[in-house]
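Here is the structure we will look at.
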């Protein structure tokens with residue numbers, strides 16, 4: 001049984017850092033484990049221009065504690081009105097690494113998202129030409145589609161036509177949650193990748209309802225059936241370079257999670273690599289963790305691997321019950337429980 005594992009320093013290819021006091025509270029958790037992260041642009045207002053991304057990047061770097069090294073990889077928020085010229089500027093900037101597609105209303109702060117992907121044709125053509133990846137929240141938002149089917153329907157309605165019309169466009173299917181998505185990404189032609197969260201590797205939808213409503217397990221896309229969790233584990237541990245780490249760590253104040261209309265999102269930045277190690281260990285695939293965490297993402301984005309390392313040790317430790325979060329608190333996933341791995 002492996003007791004210690006040292007891997008190339010990993011990256012997080014899907015992260016929510018928020019802004020202001022919330023940013024300052026959560027950024028150190030990510031920077032302790034990850035060298036770089038793709039930063040989601042769904043602030044209020046959303047980050048839709050290169051100038052806004054530059055300003056947000058500056059705020060992130062200003063919030064980084066002294067002595068910590070971390071590179072934020074910025075993204076733009078795609079709207080019906082994003083001009084192709086903004087894509088050219090994004091490519092030239094050197095710090096914008098993707099454009100995020102949120103179907104309007106799909107998740108937190110997505111109201112300004114795309115209402116019809118066909119309206120973005122000229123912009124998508126510019127992205128294909130400039131080599132700027134499209135990062136996709138892969139769910140339809142039609143009220144007549146069951147919430148557990150939104151991802152599968154998205155593949156047929158949006159992803160397949162998108163890939164047909166823009167076959168050379170780099171596409172990341174973010175935080176996949178279904179067997180359908182894992183199979184689609186594995187078999188798709190052209191430059192397609194996918195991020196997978198730790199919580200979707202570890203839990204199925206029963207976790208939300210065990211002994212009562214468990215709001216800290218509620219995220220979007222929502223946890224699915226066990227057959228889907230198993231398919232995600234198989235994909236993540238397959239060795240395929242198309243699958244890579246993206247925590248989708250999404251902090252919300254405790255009062256906004258434990259609420260009559262609670263927010264979606266699991267906070268895992270504090271203990272992300274410990275959770276991934278647990279999932280890969282349970283699958284008997286610790287030898288595949290480094291590629292998933294540290295190699296596949298940089299290869300897809302055309303970036304070099306990190307030079308540092310991170311060590312995971314089989315060691316019991318108790319996760320805090322809550323964490324400071326501005327003038328309130330934040331509850332990490334599995335708060336107060338014992339974890340079996342420790343990252344250093």
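Backbone N, Cα and C atoms are what each Cβ position is placed from, and that goes for glycine too.
Per Swiss-Prot, the features are:
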{"type": "ACT_SITE", "residues": "248", "note": "active site"}
{"type": "BINDING", "residues": "14, 16, 100, 248", "note": "Zn(2+) 1 binding site"}
{"type": "BINDING", "residues": "16, 17, 18, 42, 137, 220, 252, 264", "note": "substrate binding site"}
{"type": "BINDING", "residues": "100, 137, 175", "note": "Zn(2+) 2 binding site"}
{"type": "MOD_RES", "residues": "100", "note": "N6-carboxylysine"}
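Where Swiss-Prot records a feature, it is marked here on the structure.
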residue	record	DSSP (3 states)
14	Zn(2+) 1 binding site	strand
42	substrate binding site	coil
100	Zn(2+) 1 binding site	strand
137	substrate binding site	coil
175	Zn(2+) 2 binding site	coil
248	active site	coil
- Query: Which of the recorded positions 42, 175, 220, 248, 252 has its Cα nearest to the Cα of residue 14 (Zn(2+) 1 binding site)?
  - Reply: 248
- Message: With Cβ-Cβ distance below 8 Å and at least 6 positions apart along the chain, what are the contacts of residue 18 (substrate binding site)? List them in sequence order.
- Response: 26, 43, 251
- Would you mind sorting out which of 137, 248, 252, 264 (the recorded positions) have a C-alpha within 10 A of the one on residue 100 (Zn(2+) 1 binding site)? 137
- Message: Given a 10 Å Cβ-Cβ cut-off, pick out the one of the binding-site residues 17, 220, 264 that has the most other Cβ atoms nearby.
- Response: 17
- Which chain neighbours of the Zn(2+) 1 site, leaving out 14, 16, 100, 248, have a Cβ atom within 8 Å of the mean position of the site's Cβ atoms? 15, 38, 40, 42, 135, 174, 175, 246, 250
- Candidates 16, 175, 248 (recorded positions) - the one closest to residue 42 (substrate binding site) by CA: 16
- What's the CA-CA gap between residue 264 (substrate binding site) and residue 175 (Zn(2+) 2 binding site) in angstrom, rounded? 14
- Query: Taking just the CA atoms, what is the gap between residue 175 (Zn(2+) 2 binding site) and residue 220 (substrate binding site) in Å?
  - Reply: 9
- Query: For residue 16 (Zn(2+) 1 binding site) and residue 248 (active site), what Cα-Cα distance in Å is obtained after rounding to a whole number?
  - Reply: 7
- Task: Note down the number of other Cβ atoms within 10 Å of the Cβ of residue 14 (Zn(2+) 1 binding site), including every protein chain shown.
- Result: 26
- Message: I'd like the Cβ neighbour count for residue 137 (substrate binding site), meaning other Cβ atoms within 10 Å of its Cβ, all protein chains included.
- Response: 25
- Task: Give the sequence-ordered list of residues that share a chain with the residue listed as 'active site', lie 6 or more positions from it, and have CB atoms under 8 Å from its CB.
- Result: 14, 15, 16, 174, 175, 195, 197, 219, 265, 266, 268
- Within 10 A of the CB of residue 16 (Zn(2+) 1 binding site), the number of other CB atoms across every chain shown is 25
